[in-house]
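As given in TrEMBL:
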type     : residues : note
COMPBIAS : 1-11     : compositional bias 'Polar residues'
COMPBIAS : 22-63    : compositional bias 'Low complexity'
COMPBIAS : 71-80    : compositional bias 'Polar residues'
COMPBIAS : 93-102   : compositional bias 'Polar residues'
COMPBIAS : 114-124  : compositional bias 'Polar residues'
COMPBIAS : 157-189  : compositional bias 'Low complexity'
COMPBIAS : 224-261  : compositional bias 'Low complexity'
COMPBIAS : 284-324  : compositional bias 'Low complexity'
DOMAIN   : 445-481  : domain 'Zinc finger Sec23/Sec24-type'
DOMAIN   : 519-756  : domain 'Sec23/Sec24 trunk'
DOMAIN   : 764-846  : domain 'Sec23/Sec24 beta-sandwich'
DOMAIN   : 857-958  : domain 'Sec23/Sec24 helical'
DOMAIN   : 988-1054 : domain 'Gelsolin-like'
REGION   : 1-124    : region 'Disordered'
REGION   : 156-201  : region 'Disordered'
REGION   : 214-324  : region 'Disordered'
């Protein structure tokens, strides 16, 4: 090629490096490399690259006759060509972009400037130019070299030195403007630097052939790359996307944020704001809400981490593209793409360290519909278990971990800032349609000889199945013969069908060696307050009638159940219920300071033998105490006598309290001060006023006695002190503020909860132990129990409603691929059978931050943080607990951003898809009664809320902090009807908790886990009033706490189906029968506020709206002195 045929962008002879590492000069044929110097396995790839270079050379020579422009590379961000670098006419006819052709793969031409040949010019800038158009793979990266590039014509091109250091030519004094690229280091020996950012104004003065170019070494590509690329292209073609358009963007390395592509803006539209206008060079139109921009790529690519593609949710702009049909890549993205193809410096983050598609919280409205299932991210495949049974995965309703992919080291765990713990509900009540826990009665309970782990689906059989390897300590143990041979039928059996190997939750019938004493019977001691306040409130009459009504529901299958009654005011009143008596006999002890047990044999009687006497007592109890004027109550002394009565056996003490215990041991005073509510001094009201009750509870726990408290709040009761009885002994607190016996709703709530309390299965004299894989240690426990040792919880009676939060740490580095957590609950059933319930959870172990974040369980995290927050409230004050919750959230977001984003994305609040609702949950916890900064919340109300927060399982916790909200007036034909398969009602779509969803003509149902609210808009149609309420107009609807009328029509029946199902589930999960309130839009202000406070996404007196909360979190993250990270 003569001088006149040279490209207009260079006045020098063109030089470059071919794919195989050989040199080429303008006008010369391409010479293949010396094959003796190459790895034999790469010779075929190099030969293919040589042939394709020859074809490209011929094509370019034919096109240069009419003027030549280097082909644009889809892998390089470049501006449209503005003008020539050297002398020559402006090219107006660029060739077609080869990157748009199917099967296009980039080919790079780069080498040290003279390649060791002194005859070649040192200052040829084309030595660093990418060449495009080949399907051959790319070579590995070396340190990229940049130089100062004069922007005005007439000066010599810069020198690119073959050394690793940056050697720029001194600037030309005659040049009025210059542009410098900083060196981007790709090797392990040199520090990584950020590339220079080019503004749109300066980009016009930079030659398009120079922008973004990097140099590459003479190294043949690995042979396996071509096979890998062919497979990727075939997958793309099968999905209908054609050949893969260049290397995919690789995730950032651990500890290094991903770099933005060239000319990509970092600013992001804020929550609810108008999207940014198209940036410089953009040819894309704004993407509609929820739409996918055309040509963005297959779904697999869209799930890659980064922000080049729009996320579902708020409208977004696609990032600018510098050529129609081209993909844009920056220098760092190009490097990442090569590293994803196993090329480059070899330091690319493995797949386990990559994060999934992140969600910018500022651009997305929370999707509350995802809260219906509470499904954690998948952790293990059941196919990896020894039996490959689908039941080998532990159901999350029994046990769930905050991390479904556990880091190998504590240092890696600390970097994530995510709390590491378990939420365990070992003895939960079954919901309709759920399978019962399999019961096993083996000849021998198979356990590991060293760590005492029970055999489970995640063990391994070795030595031809004769031994099994423990998945905790990896000791091999013998397999008993009955696993393969049934001695009774004398037949061979399939061991893989045994429940121990197929189910992660099983229950063993324990043999004699698991019993310290004969199984205890069911023992119930009822302590009933009969002081003046309790009688006047209607509590005594309601309690006595309720116990009498549900006496048949008390567990008594073996006929051993025992009961006793003590009534309390300023005296102790014992009741002789001997079966030999026709009427109950009252024994009164007035000198409570020297109290004793009169007739102890006749006070605790067998229910079956003394049933008639017990019924007479309950029928006449309210009349016997009706005329009392006694305002004192000696609860403390009654508890001491009760311990003497049943201490030798164990059982349950059930307290019905309606007044303040103000006499004798444990006497309490009225200390409620409205002036300090909502202030830091309020913590004094939330802490016990007397140490007596907690010390007494410890004694009861040792005697296998559980205390349950039913509190009727006609006045201040000091629940902060009395709740210690239930917390230490594993009991429950049931609270009825402003109890009104004249309201049928109040009576129904108490009776329903009492019936479930008396009838549910009992697990007596139990202990709970949690085992974990070697290297993992339990550090803290949350819930109602007595901690007997570091990993042993004493539970005199297991409450099916209670869950237990367990914090853990990684003490030693985990050397295995999985970690196991096994919970064993040894207990006695109500019919006297000793059993062991075993729950086994297996979780993979990883060394990648991406896996840890992608597998985090946001529901378990929120529940564990709430339990920790309650403890912080009692140790410090409410405001300190609120600050700690926000700091925990900021730590998680900040750590995630520091790992997976660049500095240009500081304005974002991002989390992975599986954690996107965590900020909403934390904000809702802050607005919960347990943590709300309110000066009108009584201390008893806050204490009850905190007590429930400590024991909530995730299934009851989530509706309590994020109520469920439905529009009933817009229900379709199937909403409210029963599903044919599950017999459960079909709920309408769930709405966000915002008043923006309220319409004047609407009818809405809200469930906050404790109460149900039916909101009626003032413009509701008369027809809907008639269908639902049975009244003609809105004015005829009666608001308040009352039952919804039953009207004989389909619409009313469907609404009742929804209400009854919610009530049934709440009673089974937490023994809470929700109260029902009808709220009119212009009705009572107190009712309206009780409803509106549940719309947590709005701004109320107790906190900011969700967008303002996110803005507060972002401000806290951006504070340099925050010290969060």
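Glycine is treated like the rest: Cβ placed from N, Cα and C.
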Counts by DSSP class (helix H/G/I, strand E/B, coil) across the domain 'Zinc finger Sec23/Sec24-type' (445-481): 1 helix, 11 strand, 25 coil
Distal contacts, the domain 'Zinc finger Sec23/Sec24-type' (445-481) - CB-CB under 8 A, six or more residues away: 384-387, 389, 391-392, 495, 500-504, 508, 510-511, 771-774, 816, 818, 820, 822, 824, 836, 838, 840, 842
The domain 'Sec23/Sec24 beta-sandwich' (764-846): DSSP-derived helix, strand, coil residue counts: 0 helix, 57 strand, 26 coil
Predicted model, mean pLDDT over the domain 'Gelsolin-like' (988-1054): 96
For the domain 'Sec23/Sec24 helical' (857-958), residues assigned helix / strand / coil by DSSP: 74 helix, 3 strand, 25 coil
Tally of residues which DSSP labels helix, strand or coil - the domain 'Gelsolin-like' (988-1054): 18 helix, 14 strand, 35 coil
